[in-house]
Amino acid sequence: MMTDSSLYAARVPIFPRRVSGRFRTLKWAIMIVTLGIYYVTPWIRWDRGPALPDQAVLVDLANRRFYFFWIEIWSHEFYFVAGLLIMAGLGLFLFTSALGRVWCGYACPQTVWTDLFLVVERWIEGDRNARLRLHEAPWSARKLRLRASKWAAWLLISVATGGAWVFYFTDAPTLLRDLLTVSAHPAAYTTIAILTATTFVFGGFMREQVCIYMCPWPRIQGAMMEEDTLTVAYRDWRGEPRGKGLRRRQAEEAQAAITRAAGPQIGGRAPAIPMPGLSGARSGAARQDGPGDCIDCNACVNVCPMGIDIRDGQQLACITCALCIDACDEVMAKIGKPRGLIGYLALSDAPREAAGGRPRGAWAHVFRPRNVLYFSLWAAIGMALVFALFIRPEIEMTVAPVRNPTFVTLSDGTIRNTYDIRLRNKHGEPRAFRLSLTSGSVLAIALEGTEDLVTEIPANAQKLQRVYVSARPGGPAAARAETALRFWAEDLASGDRAHKDSVFNGRED
Amino acid sequence: MTARKKDDVTGVETTGHTWDGIEELNNPLPRWWLWTFYATIGWGIVYTILFPAWPLVNSATAGMLGWSTRDQVARHIAAVEEANAGVEAQLVAADLGAIREDDALYSYAVNAGAAVFRTNCSQCHGSGAAGAVGYPNLLDDAWLWGGTLDDIAHTVRHGVRNEDDPDARWSQMPAFGEMLDPDEIALLVAHVQGLASGGDPLAGAGGALFEANCASCHGEDGRGMREMGAPNLTDAIWLYGGDEAALTETITNARFGVMPAWGARLNEAEVRAVATYVHQLGGGEEPSAE
């Protein structure tokens with residue numbers, strides 16, 4: 001295959017054939033759900049009161065707020081987002097350890113959008129053979145028309161993709177109106193332009209190159225898989241020797257065995273990573289007389305969006321999209337052989353199956369200590385986050401004593417301390433808070449700028465209220481170095497109370 | 001690459017490079033990687049032409065776009081000033097007492113005033129405005145020249161006992177060392193120290209000295225006089241210290257605290273902002289209280 005000795009290789013175009021079957025249906029469903037969530041979410045409304053945005057999911061960067069339905073996260077509560085990211089990471093570990101690269105094969109945006117682009121490509125240019133012919137044909141009016149309409153359709157999808165993204169960051173209906181009247185913020189247009197370009201290029205032209213050469217996940221996920229992981233594999237003990245070109249295959253068998261043992265290689269058409277489970281199976285296959293179930297029809301290769309041959313074994317380029325399973329099952333049904341020549345398989349089961357035994361159940365592979373541990377960690381963090389969400393204080397108050405200077409002597413000898421009390425009002429309407437203090441000594445409280453002890457805080461805002469605490473001259477608090485005190489804040493609308501402890505500094509003379 | 005050679009074990013072509021008998025397999029990189037690499041080099045070259053980049057002996061190439069970090073800072077400052085022009089004009093136009101009524105204007109005045117204070121006032125009055133010996137504490141409720149917004153703004157604008165501004169606050173305590181003998185001064189010191197704890201300013205021998213020498217400015221009740229900037233001697237606050245040595249020094253040689261006229265250096269909006277800031281530090285007085 002590598003006939004020239006160049007150090008660089010051009011991309012070999014891939015023309016996946018249309019296929020139908022269980023996994024294709026599942027992938028259609030996942031595509032509809034994920035794309036539906038992506039495009040619809042910004043348009044869901046959620047009433048939070050007049051002062052707050054009514055968008056259900058909104059990342060308000062300017063005001064440092066994240067709204068998610070009934071949950072509102074302020075910037076100081078960003079640990080919720082960090083927790084969600086940790087859960088996403090652990091979830092990925094769990095799925096990879098149990099089911100291999102299911103993220104890559106079913107849910108990754110690169111896969112979903114490439115799938116979408118391929119549908120468009122098939123609608124406009126036809127299936128695999130038609131596209132192959134078109135690719136090789138010289139430029140003509142027809143080719144130009146087909147290419148132009150395909151690119152136009154892709155561009156439309158790309159604009160919609162980039163356009164949907166910005167709706168998460170500001171009020172969607174307003175932004176849509178601004179976008180259409182060319183009066184939106186330049187950042188919106190720039191973001192849309194960049195995401196349009198990446199979607200168009202990655203989904204239309206880069207495709208498998210993104211997975212093989214750009215994405216770090218295949219490397220990391222390769223390290224998370226083990227023999228018990230269920231993954232897409234070819235049952236070579238059943239398939240080999242292949243029906244077509246049997247004699248040639250047998251002659252090449254020795255060479256192929258060596259090739260498979262040679263180690264991992266990047267790229268779609270390179271030999272595969274050696275599999276301990278399968279090398280044992282191969283010796284079993286060698287005992288088999290007559291042709292195997294594989295008729296070498298190449299259906300599995302023709303449907304592969306990565307352009308690889310699953311029969312080479314597990315390989316870096318395989319995203320386990322499972323379309324080869326559908327393709328092979330279709331063929332097996334036609335030739336009257338049992339399905340599952342290509343199927344989900346744990347490599348640890350391969351020797352057992354090759355020897356004629358039954359594989360262990362899927363659950364036996366999934367419920368391994370490692371997966372249980374991943375799930376436990378994932379669930380523990382999830383429950384901790386939910387718990388943290390419910391015990392979030394209704395009133396948030398911080399007290400910062402002013403320490404420059406620690407106290408002020410007033411003309412009548414009164415010792416006064418100053419405190420900066422920060423109160424947050426997370427509600428959609430203004431709230432009034434009454435401040436008070438309790439202490440073992442006699443201390444008086446007063447608020448800067450208001451005669452009474454009530455401070456008004458605007459809706460969805462925080463306020464810094466300066467508070468003065470005074471000890472009368474000669475009293476114990478004035479003379480003592482430190483006196484403990486506790487500030488109280490009462491939400492006059494709800495009656496909720498919160499408190500914070502602090503210290504009063506006296507003269508110490 | 002002359003001879004194409006295949007590795008026996010893997011069947012993969014080698015690059016022909018050999019190190020100690022170890023040959024390098026040729027697993028080619030995608031061609032577009034190479035083009036991306038070239039593109040980044042091209043980008044880098046264009047970038048260094050457009051923007052300041054190449055070091056010279058005393059400076060660097062300016063770049064064809066003429067962009068510089070200093071210009072950028074100047075632009076940002078200009079943008080901030082332009083953005084604040086409206087509220088500054090509002091600040092200058094508003095009645096000083098009415099600034100408080102407008103939340104946004106008041107917030108701007110206090111924050112801008114804090115910045116002005118840190119830059120211009122904190123050297124003497126301290127970054128927390130607590131003052132120092134000879135420099136009044138601005139947090140308390142004692143004011144030598146008055147503590148209303150207008151009083152504070154006037155003091156800031158014209159200063160105290162400076163020669164630059166005819167409207168500066170002005171007064172001068174005589175140096176009594178030339179008029180009284182040391183025994184009398186010692187008697188007066190003890191008498192003044194007693195005033196803070198409720199002593200009668202006019203009682204006894206000290207009271208006689210006080211009435212003759214001090215009462216004309218500090219008042220017969222000893223509570224001072226703002227027109228003269230004469231401090232209240234009956235309160236708990238001593239600008240230069242209330243102990244015997246400090247009071248002896250004050251009476252013998254007098255004090256002459258000076259503050260510059262900031263009206264010449266700050267603009268009207270800054271004067272109003274810093275007056276608003278100082279007024280809300282905890283000791284500001286309302287005009288009606290006068």
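Cβ atoms are placed via backbone N, Cα and C, with glycine included.
Where the annotation comes from TrEMBL, it is an automatic prediction and has not been curated.
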Taking TrEMBL at its word that B:C214, B:C217, B:H218 bind heme c 2, choose the one of B:M173, B:M259 listed for that site. B:M173
Among B:H125, B:H218, the one of these binding-site residues whose Cβ has the fewest neighbouring Cβ atoms within 10 Å: B:H125
Distance [Cα-Cα, Å, rounded] between B:H218 (heme c 2 binding site) and B:C121 (heme c 1 binding site): 28
Highest CB neighbour count within 10 A among the binding-site residues B:C124, B:M259? B:M259
Tell me whether B:M259 (heme c 1 binding site) sits in a helix, a strand or coil according to DSSP. strand
List the same-chain residues at least 6 positions away in sequence whose Cβ sits under 8 Å from the Cβ of B:M173 (heme c 2 binding site), in sequence order, or say none. B:C217, B:A230, B:T250, B:A254, B:R255, B:F256
Nearest-integer angstrom distance between the alpha carbons (Cα) of B:M259 (heme c 1 binding site) and B:C214 (heme c 2 binding site): 24
Cβ-Cβ under 8 Å from B:C214 (heme c 2 binding site), same chain, 6 or more residues apart: which ones? B:L188, B:V192, B:G222, B:L233
